[in-house]
Amino acid sequence: MALTVDVAGPAPWGFRITGGRDFHTPIMVTKVAERGKAKDADLRPGDIIVAINGESAEGMLHAEAQSKIRQSPSPLRLQLDRSQATSPGQTNGDSSLEVLATRFQGSVRTYTESQSSLRSSYSSPTSLSPRAGSPFSPPPSSSSLTGEAAISRSFQSLACSPGLPAADRLSYSGRPGSRQAGLGRAGDSAVLVLPPSPGPRSSRPSMDSEGGSLLLDEDSEVFKMLQENREGRAAPRQSSSFRLLQEALEAEERGGTPAFLPSSLSPQSSLPASRALATPPKLHTCEKCSTSIANQAVRIQEGRYRHPGCYTCADCGLNLKMRGHFWVGDELYCEKHARQRYSAPATLSSRA
């Protein structure tokens, strides 16, 4: 329906548009502001703008149409093409409840007739029953499961899921002639694994006669995935270094001979591997605190070791690990305090 609308100005006019030549759609009103000028002029969402102030809007770009509407003098004259179809939330002037009720009943009657025609087209039992092997086929009863294996819909979803979350709850228990995997939650179907048989095998699992149980072949992909998930969850192993350290600490607490713990700063043993493992040497003893060094040791001289925390200046307590030490008598000093005790630098012996 073609009509002309005059929107009183000035701008803004109170509506939005969409479409244009660049969108390959006609220019259409998409939103009208409440209590706006376009609302007062009876402009509605869904109206197609044919002309703006007498100029055809068929070949206009979206930005061009926006510019002409914004810069239009008052009043803004729009030639519209309004569809007769009623949009949701609008009645196109039909405010009578009887008219609306009649339209609603007519739409309901149309829907009912379409459903009846659909049911009549599928009235044949063969057309309604799904084909064998389809995912929508219902599982047969337990009495008819004699020749061909069947699988329930719940197990199909378990087998087709990529992550197999239910496989974490499977636990195997011994059984004569088969192994049974029971799900952790009560009410779930159990999975039975049959030993390989000499006859031809079916690619699908079968149902057990006890009811609700599924039979899996050991060569099936589902069973292999379940086995891989179980083997991948093995308990973490303790590292050999940590085990040696733990044994050394326990032996030291008991007052016995601690086991040998190799260190990056300790001298490497020249004994064969078999002899070194059989009779491990003692741990190094710190010459300052007279305790065993269980982890890292600082080698000062041949047969003299200290903890990294005990390798300090005898005067100021500065750690000498990254600085080196100076001997003054039988004590270790940093460079500053060693020079204070000896004025002649030639008498100092240093070790970097």
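Cβ coordinates come from backbone N, Cα and C, glycine included.
Feature annotation from Swiss-Prot across SER72, SER124 places phosphoserine at SER124. In summary, of the candidate residues SER74, SER137, the record from Swiss-Prot lists phosphoserine for SER137, whereas the others have no such entry there. THR126 is the residue among THR112, THR126, THR285 that Swiss-Prot labels phosphothreonine. Cross-referencing SER87, SER129 with Swiss-Prot, the residue annotated as phosphoserine turns out to be SER129.
Break the domain 'LIM zinc-binding' (284-344) down by DSSP state and the numbers are 7 helix, 19 strand, 35 coil.
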